[in-house]
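Here's the feature list from TrEMBL:
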type: TRANSMEM; residues: 6-32; note: transmembrane segment
type: DOMAIN; residues: 22-294; note: domain 'G-protein coupled receptors family 1 profile'
type: TRANSMEM; residues: 44-69; note: transmembrane segment
type: TRANSMEM; residues: 123-149; note: transmembrane segment
type: TRANSMEM; residues: 169-195; note: transmembrane segment
type: TRANSMEM; residues: 243-263; note: transmembrane segment
Amino acid sequence: MSIWEVILAFVVVVLMLVALLANVLVLMCFLYSADIRKQVPGLFILNLTFCNLLMTVSNMPLTLAGIIYKSQPGGDQICHIVGFLETFLTTNSMLSMAALSIDRWIAVVFPLSYHSKMRYRDAALILSYTWLHSVSFPIVAASLSWVGFHHLYASCTLYNKRPEDRTQFVIFTGVFHTLSFLLSLIVLCFTYLKVLKVARFHCKRIDVITMQTLVLLVDIHPSVRERCLEEQKRRRQRATKKISTFIGTFILCFAPYVITRLVELSSVVHINSHWGIMSKCLAYSKVVSDPFVYSLLRHQYRKTWKDIINKVLKRSSINSSALTSDSHNRN
């Protein structure tokens, strides 16, 4: 193995461990907190977590083996199953992020009618569509034998070995990425920019009220006035940072891989295998970032995780005190 392959293998191992830990934490919070389970976005986050965990335990280990051994890991049947899952899970994850953005858009832009427009039944219908949409492409690819081990990405994924099917495969790949990556990106940009517009509008109203209050309170201490102005600035930046994170991580993680897949269809451009694996690692990094972007950094999930830790520590302290008292009684 070259130094680049060692680095890429190490990156995959780190991504795999962090993704497994982070997504398990999200799943534990969902199972522990009744409040999280009651919320409609929890269904979308649960579906996204399911896709991330399955990607972590099925696709990442085989990609790691492909990097190390430079050949197809396992038999053709295992590779076909993993390639099928890779296409399904990637599409499902993208559409789940789009569904979360739609939920935020309805909650912020239409707050009074949110509970009537986004119910559990509506969320279930959206999830049903994401599953049907996501499973249709790998079924077509598997029926046409367009799934296999691709040396450029060291992964079992969409791959056409027959030159006579090149035109059909090019059309299929273009339609697949248009209706998965591009569609999800358009939905993300549309919904979150609408959310940002509403957030900025509310910030301006709050800023006007704050400035009027500061003008009336002539005897206010300068330090208090300074803190109010700093809070105004943080309030304006908070929504922009969150929305930039949602859209930015999606583009940063998926765009290099999608562009590489499309450029690969051209026989004129040669793509280095190290870049192919690196773009695949960037796509895998979305599995790592999703738990933090959508769940673990939110106040409700942080509080739930602290409650879980406190409960475990309290139980362990009770057990240790019981053992101590029992030993004293014996003595």
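Residue positions begin at 1 at the first shown residue.
Cβ from N, Cα, C; glycine included.
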Could you give the residue numbers and ranges of same-chain residues that sit at least 6 residues beyond the transmembrane segment (123-149) on either side and whose C-beta is under 8 angstroms from one of its C-beta atoms?
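Answer is 40, 43-44, 47, 66, 71-73, 76, 79-80, 83-85, 87-89, 91-92, 95-96, 99, 102-103, 155-162, 165, 168-169, 172, 176, 179-180.
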Using a Cβ-Cβ cut-off of under 8 Å, list the residues of the same chain that are 6+ residues beyond the ends of the transmembrane segment (169-195) and lie near it.
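Non-local partners: 87, 90-91, 94-95, 97-98, 101-102, 104-105, 108-109, 133-134, 137, 140-141, 144, 146, 158, 160, 239, 243, 246-247, 250-251, 254-255, 258, 261-262, 265.
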In this predicted model, what is the average pLDDT of the domain 'G-protein coupled receptors family 1 profile' (22-294)?
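Here the mean pLDDT over the domain 'G-protein coupled receptors family 1 profile' (22-294) amounts to 87.
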